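In what follows, a single structure is set out as structure tokens and then discussed.
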Amino acid sequence: MGNYSGSSWPDFKSYTIEERVRWVFDHYAEEEILMTSSFGSSSALLLHLIHKISPDHPICFLDTGYHFKETLDYKNKLEQQLNLNVKTIAAPKNKHRFTQRNFTYRHNQDLCCFINKVEPLAALKAQHKVWLSGLFKYQNENRKQLAFFDRKQDILKVYPLLDMTPEEVHTYFFIHQLPSHELVAKGYSSIGCTHCTVKGSGREGRWAGSAKVECGIHL
């Protein structure tokens, strides 16, 4: 399974978001599909779809060691409400401690993201053929350029929610009675690590005051 070229990928524009996710599970073996979640402000949407389509599928949570308490609480709430099979991955303790002792997140944010996000995820990606990701075009200029299917080295990234609008996301949450991340009500639209996240619309609250717009795992 999972041997597809660009010419054989379907036209997702004519698919519902549920049909898009089902297509992935119909055309790839369970063990070939990587599903990650940051348990951020919009994460519950894709998690709800996975719960409907493949309820036992592993959800990989990247624990950077710098998450807001509210994010960890939200993870626990969704894990219970949707009966999710969450697997936590993290950087080796010695590498994470290096970023703590050296305050890497202050003077070299790219290195901090690489140690705590990019490197741990790289090993996981090597074990899969396709990666389901809940990015949206509306989130920033980089993501506006994405297509539904994006091959990155040896893994195919699929973005089933890519063309949804903020209003459609809000409506989905309302219809399916999905809980919101506590920080959303406090003015946080995009939620990452504590030291790199401030209040703001869209992703403007991430790495505020710097040119950085992505942590690196989606590049």
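The backbone N, Cα and C atoms fix where each Cβ goes, and this holds for glycine too.
Curation plays no part in TrEMBL annotations; they are all automatic predictions.
These figures come from a predicted structure and were not determined experimentally.
Summarising the annotation, TrEMBL assigns active site, nucleophile to CYS215.
According to its DSSP assignment, CYS196 ([4Fe-4S] cluster binding site) is helical. Per TrEMBL, the feature [4Fe-4S] cluster binding site maps to CYS112, CYS113, CYS193, CYS196.
Per TrEMBL, domain 'Phosphoadenosine phosphosulphate reductase' is recorded for 33-198.
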Where CYS112 ([4Fe-4S] cluster binding site) sits in the secondary structure, as DSSP reduces it to three classes: helix
C-beta crowding around CYS112 ([4Fe-4S] cluster binding site), within 10 angstroms: 25
